[in-house]
Amino acid sequence: MAHTVQTLSKLLKKTPDEVITILANAGVDGKNSDSAISAEERKILMSSLSKRSSSKSSMFSFSKTGIKSSANSASGAKVQVKKKRLTKSATATDEQPEIAVNEVAQAVQVALDAGRDADKKLLAQDAKRLEMVRLQKTQAEVLKAQKKTVKQAQAQEIEKKAEKPKMIDKFKEDKKPKRLRNTLNGNNTRRQLHVARHNPNRKLKKKDRTRLSQKVQEEQAQHAFQKPIEKVVHEIAIAENIKVTELAQKMATKAGEVLKVLMGMGVMATLNDVIDQDTAMLVVEEMGHKSIASVEETVEDVLIEQLKSSGNEKARPPVVTIMGHVDHGKTSLLDYIRQAKVTHGEAGGITQHIGAYQVQSNGNTITFIDTPGHAAFSKMRSRSANATDIVILVVAADDGVMPQTIESIKHVQTAGVPMIVAINKIDKEGIDIDKIKQVLSTHNVISEDWGGDVMMIPVSAYTGEGVDALLDAISLTAEVLEFSAVIKALARGTVLEARLEKGRGKVTTILVQSGTLNKGDIMIAGFEYGKVKQIVDDKGKVLKSATPSMPVEVLGLSGVPNSGDEVLVVDSERKAREVADFRKAKNREAQLQKQQASKMENFLMKMEESNVSTVNVLLKADVRGSAQALIEALEGLSTDEAKVKVVSSGVGGINNTDITLAATSNALVLGFNVRADAVARKTADNEGVRIEYYSIIYNLIDDVKTIMSGLLSPELSENIIGIASVKSVFRSQKMGDIAGCMVEEGVVRRDSLIRVLRDSVVIFEGWLESLRRFKDNVNEVKSGTECGIGVLNYTDIQPGDQIEVFERIERIRTL
């Protein structure tokens with residue numbers, strides 16, 4: 001049993017603190033009341049106690065008069081100390097120290113004996129455990145040897161069984177005549193049956209020919225096809241895309257069977273159609289085979305593996321994205337930080353492109369990315385969240401948390417990047433910051449002063465209040481997270497924006513994320529590639545190179561890439577062309593697969609859409625990101641009755657080719673921040689093509705909504721204006737059947753729509769042809785008045801029927 005300081009203090013009749021002090025004086029530190037005391041430490045403790053007891057006996061002498069102690073002082077004088085007499089007897093006082101010393105000695109001896117006994121028990125347990133381990137090891141070795149012997153015996157038995165048929169065959173072969181032995185050895189299975197082996201001119205005897213014929217028949221029967229007893233299960237490796245015929249070959253089945261399974265799954269395909277990996281795996285499992293998803297190593301994968309950055313990483317500036325709802329002051333806040341006036345140059349005062357800038361703050365460089373807040377630019381915000389290190393979520397203090405604020409929070413949480421909330425417009429009156437914090441907390445964005453981990457800083461983009469605190473928070477976050485990247489390597493990055501600019505060509509805004517981008521490098525972005533001809537920073541300065549976290553404009557690509565495409569620098573133009581061609585081929589294959597995936601479904605959809613009105617649109621925008629956002633927004637306007645179809649989209653001005661395509665497809669041409677040239681305008685006038693120009697995205701969307709609303713069928717509603725009950729029916733050769741009625745409710749008007757009800761069931765619906773009061777034709781009859789009603793093209797009216805007079809009202813519908 002291991003002793004602790006607590007148990008030893010009870011044995012020694014001392015406090016735990018005294019025992020700890022004695023151990024510390026003896027050189028054993030770091031003990032507390034629950035610390036275990038080893039045997040060696042117990043010996044040290046006992047030794048210290050013995051020394052203390054002996055020193056006390058030598059220093060003190062007990063007498064009836066008190067305690068005397070003598071010691072030599074520095075001057076050699078003797079000092080005598082007398083203890084005050086106690087009320088107890090002198091005998092008890094003299095015996096007390098001796099009793100204490102004896103008790104200590106006894107306790108020490110007991111503790112030492114207990115320690116020795118514990119050590120002996122531990123040694124005995126260790127010896128017993130070692131003996132058990134040795135026995136287990138011996139038993140395991142014996143068992144292993146027995147298993148090995150059994151396996152050898154089984155193997156010998158199998159060999160004997162395998163040799164037995166061979167011996168029987170050999171015995172049978174030996175019993176045959178010599179001329180018939182070994183006639184079927186080797187590959188000579190087509191030996192002539194009626195010719196002797198050694199003499200071709202001599203025929204075999206009839207008996208020998210019969211035996212040889214039987215042997216050949218047996219041999220042929222052994223090699224004949226036999227139907228499998230159990231179904232053969234294949235393991236099918238399936239790539240990302242596979243043809244139906246190829247899949248059937250891998251499963252060793254007919255292509256028609258595969259088509260039947262596909263049809264049962266609701267997929268209409270032909271033999272040469274390409275299906276995706278998931279569909280193919282379902283088909284394989286449905287047909288009883290095992291499917292394995294195989295990932296082919298493509299040219300692109302090999303290139304990316306080769307370009308993986310390796311080397312010493314160095315600190316880089318943080319990339320900060322500003323996100324939030326439209327008109328919450330994102331660009332205005334960035335303007336104050338940059339001391340610029342960007343919002344003055346934006347149409348409608350809202351951001352419609354991704355802007356990237358670098359700012360110096362207290363000697364530190366920070367890269368800012370400004371994103372649009374309009375709902376149509378959701379993809380832009382998503383791309384920015386994935387390309388950033390820190391997100392500044394701007395929330396207007398007077399407006400609170402809005403839909404795009406919540407959407408931005410979801411993008412940030414999906415990307416897993418740190419977030420700082422800037423509560424803007426605190427210079428306005430009547431704001432409630434705590435309410436904003438409470439609403440944000442419902443979306444798992446909890447302020448630090450509420451026990452969360454998100455810094456929330458009140459700022460004003462108008463007065464500049466709190467901006468310094470916001471910059472300090474960014475610098476602190478960057479210092480804690482230690483953002484770094486490899487500098488000396490081929491550059492990698494992300495396309496932020498791309499456009500076609502007159503006089504400059506294809507201009508691509510990229511964010512360098514690792515490596516160094518140099519002028520003259522071979523760059524690939526999406527489907528486009530080319531040599532870097534010029535690098536320009538956010539201030540318009542031409543650079544020779546760009547390092548990580550720098551946003552730059554690059555000239556030299558073969559086309560305009562899509563926003564969000566990965567940028568790679570390769571060592572040769574041949575490799576760049578090879579990767580670009582591979583990506584284009586893969587994209588064409590995906591588009592073809594998409595078109596051929598369900599032809600029957602498309603056919604049925606077209607039949608259903610025969611009554612659907614369609615607005616064809618040809619869209620041209622200034623940058624690729626805006627074009628993508630507009631396409632998504634326009635297609636989102638489609639309903640069951642009216643839809644928008646973007647027949648073509650692109651970047652750059654509107655040209656003559658666009659007008660020709662619009663005339664052919666009867667499309668409306670929409671230009672976003674672009675204009676048509678003179679030739680295009682003339683062609684549009686001749687062809688009757690309508691061109692609309694826009695600089696604000698929601699104006700474009702509202703106009704398209706208005707056009708679609710004009711295509712919607714009006715909403716019809718019915719208004720009952722009167723009810724009359726039929727009292728009698730008069731027959732007239734000239735007028736036909738006339739119903740004598742009493743108007744019970746409302747007004748009955750001539751030339752109105754009516755319903756004839758019998759027992760509350762509609763039996764006829766038509767027009768009220770004639771209305772008479774006595775012999776006079778009247779236009780209307782009010783409630784409580786008798787009248788005669790003639791119904792157009794209906795002669796089965798009877799007394800007791802009800803005539804319901806109503807009108808239909810058309811209302812124009814809007815989206």
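Placed from the backbone N, Cα and C atoms, the Cβ positions cover glycine too.
Residues belonging to the domain 'tr-type G' (315-482) score a mean pLDDT of 79 in the model. Taken from Swiss-Prot, the feature domain 'tr-type G' applies to 315-482.
What Swiss-Prot lists as region 'G1' is 324-331. With DSSP states grouped into helix (H, G, I), strand (E, B) and coil, the region 'G1' (324-331) comes out at 2 helix, 1 strand, 5 coil.
The DSSP secondary structure for Thr371 (GTP binding site) is coil. Counting every protein chain shown, the Cβ of Thr371 (GTP binding site) has 29 other Cβ atoms within 10 Å. The feature GTP binding site is assigned by Swiss-Prot to 324-331, 370-374, 424-427, with sequence analysis given as support.
Among the features that Swiss-Prot reports, region 'G2' is placed at 349-353.
Residues or ranges marked as region 'G3' in Swiss-Prot: 370-373.
Taking DSSP states H, G and I as helix and E and B as strand, the region 'G4' (424-427) has 0 helix, 1 strand, 3 coil. The feature region 'G4' is assigned by Swiss-Prot to 424-427, with similarity to another entry given as support.
Summary: among the binding-site residues (Gly324, Lys330, Ile426), the fewest other C-beta atoms within 10 A of the C-beta are counted at Ile426. Of all Cβ atoms in the shown protein chains, 17 besides its own fall within 10 Å of the Cβ of Asp327 (GTP binding site).
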